[in-house]
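Engineer: Before I ask anything, let me first share the structure, which is written out below as structure tokens.
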Amino acid sequence: MKKMVQFGVIARNFSNSSAMQSAIKNITVIGGGLMGSGIAQVSAQAGQNVTLVDLSPEVLAKSQKSIGANLGRVAKKVYKDKPQDGEKFVAESMARIKTSTDPAAAAKSADLVVEAIVENMGVKHKLFKQLDAVAPEHTIFASNTSSLSINEICSVVKRKDRFGGLHFFNPVPVMRLLEVVRGAETSDATYKTMMEWGKAVGKTCITCKDTPGFVVNRLLVPYICEAIRLYERGDASARDIDTAMKLGAGYPMGPLELADYVGLDTNKFILDGWHNKYPDQPLFKPIPLLNKLVSEGKLGVKAGEGFYKYEKK
Ligand SMILES: CCCCCCCC(=O)CC(=O)SCCNC(=O)CCNC(=O)[C@H](O)C(C)(C)COP(=O)(O)OP(=O)(O)OC[C@H]1O[C@@H](n2cnc3c(N)ncnc32)[C@H](O)[C@@H]1OP(=O)(O)O
Ligand SMILES: NC(=O)C1=CN([C@@H]2O[C@H](COP(=O)(O)OP(=O)(O)OC[C@H]3O[C@@H](n4cnc5c(N)ncnc54)[C@H](O)[C@@H]3O)[C@@H](O)[C@H]2O)C=CC1
């Protein structure tokens, strides 16, 4: 049943993509990590020309490999009875993705730049300032930030009317939602183009204001943090908390499993940032157990241990 649902989602995303049109033809994705590689993949499979940028050539090589493997999974499902068409789909999608280690050069030919680099305001400011000086007048800038303010990120660029948030979910090829975030100065035309582009790459778009965590993370972060506090108090075991939310509330992963999947360092980073900004909000208060796990390097799936132990890949 689970497989059938996932298959339906991927096939639906793909057919939506083929049917939809977007004014955006050339997209530059900056940051070739977990999220950037997924954004590059869904864009390329929807027929867009993609330049995927990272500072590290090793990251780009790894991203290309994982995109190829994930496109292969899509092809297997969508072209189940036509393997040759599947191979063509993978080859054509891969051919639409170029890679680069030079963000400024890659922005020069972009209709849309989606930034998915490290969640750090200073680093994002430095990048966007550089891009604003070289990108064509019409180019729209968007950030995939999980927790930072879009208005604050875009404070360093002149094109504030052509700036917004495009917040994807992990794993990007599977999760159907895209949050389209309007900053204070995002123009109607930019907003409309972002919504159309989101549909064109197969996502269901919702509109959010520039508030902490937008919609999903504003609800998800306190939920995960409450689960960690529950476990920290010894009210239930980790396994029982996760089983409870999977079987009692129908979530695909329990909150502690999801925290490990996202990364405990990311959880902590978001919580600390919001706590500094909103010190009176009890939901954003630091969690000693989370701080301890992070200080011990137990960052979740990627580190081989978090709330649970994992085999290192
Ligand atoms: C306090 C901090 C909180 C927030 C921090 C910030 C983060 C953000 O800003 C926003 C976020 O992204 S929050 C995270 C949102 N994501 C979720 O909630 C994922 C929940 N989990 C799931 O949906 C499924 O367990 C999942 C789809 C992952 C796996 O599904 P299954 O359990 O059914 O596992 P599989 O049978 O292996 O997979 C089913 C099919 O899905 C495809 N797939 C799975 N993982 C994939 C991946 N990583 N990349 C691409 N495709 C993937 C795959 O097609 C697979 O099919 P096959 O393998 O071909 O059978
Ligand atoms: N991990 C998740 O579940 C989600 C993360 N996000 C957001 O997406 C963004 C990226 O997150 P991940 O993909 O998880 O991070 P990641 O660490 O997997 O990838 C970030 C990549 O950006 C590269 N990078 C850093 N500075 C750069 C620069 N100046 N120019 C070019 N490349 C640069 C790094 O080399 C790295 O490969 C963050 O803002 C994060 O908050 C949003 C939704 C979900």
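Heads up, the Cβ atoms here are built off N, Cα and C, so glycines get one too.
I grabbed these lines from TrEMBL:
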BINDING   Gly31, Gly32, Gly33, Leu34, Met35, Gly36, Asp54, Glu119, Lys124, Ser146, Asn170, Lys302  NAD(+) binding site
DOMAIN    26-211  domain '3-hydroxyacyl-CoA dehydrogenase NAD binding'
DOMAIN    213-310  domain '3-hydroxyacyl-CoA dehydrogenase C-terminal'
SITE      His167  site 'Important for catalytic activity'
Engineer: Mind running the binding-site residues Gly31, Gly33, Met35, Asp54, Lys124, Asn170 against ligand 1 and keeping the ones whose CB falls under 6 Å of it?
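Structural biologist: Correct list: Asn170.
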Engineer: Return only the integer: C-alpha distance in Å from Met35 (NAD(+) binding site) to His167 (site 'Important for catalytic activity').
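Structural biologist: About 10 Å separates the two Cα atoms.
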Engineer: Measuring Cα to Cα, how far is Gly31 (NAD(+) binding site) from His167 (site 'Important for catalytic activity') in Å?
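Structural biologist: Counting only the Cα atoms, the answer is 14 Å.
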Engineer: For Asp54 (NAD(+) binding site) and His167 (site 'Important for catalytic activity'), determine the Cα separation and express it in whole Å.
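Structural biologist: About 19 Å separate the Cα atoms of these two residues.
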Engineer: Assuming the binding residues for NAD(+) are exactly those in the record, Gly31, Gly32, Gly33, Leu34, Met35, Gly36, Asp54, Glu119, Lys124, Ser146, Asn170, Lys302, what is the maximum CA-CA distance in angstrom, rounded?
Structural biologist: 24
Engineer: I'd like to know which of the binding-site residues Gly31, Gly33 has the most other Cβ atoms within 10 Å of its Cβ.
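Structural biologist: Max Cβ neighbours within 10 Å, all protein chains included: Gly31.
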Engineer: For the domain '3-hydroxyacyl-CoA dehydrogenase NAD binding' (26-211), report the average pLDDT of the model, please.
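Structural biologist: Looking only at the domain '3-hydroxyacyl-CoA dehydrogenase NAD binding' (26-211), pLDDT averages out to 97.
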Engineer: Suppose we draw a 10 Å sphere around the Cβ of Met35 (NAD(+) binding site). How many other Cβ atoms does it contain, all chains included?
Structural biologist: 21
Engineer: I want to check the contact list for His167 (site 'Important for catalytic activity'): same chain, sequence separation of six or more, C-beta distance under 8 angstroms. What comes out?
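Structural biologist: Those within reach of His167 (site 'Important for catalytic activity'), by Cβ under 8 Å and sequence separation of 6 or more, are Asn144, Thr145, Ser146, Leu178, Glu179, Val180, Val181, Cys208, Phe214, Val216.
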Engineer: Taking DSSP three-state, what's Gly31 (NAD(+) binding site) in: helix, strand or coil?
Structural biologist: coil
Engineer: Tell me the coarse DSSP state (helix, strand, coil) of Lys124 (NAD(+) binding site).
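Structural biologist: The three-state answer is helix.
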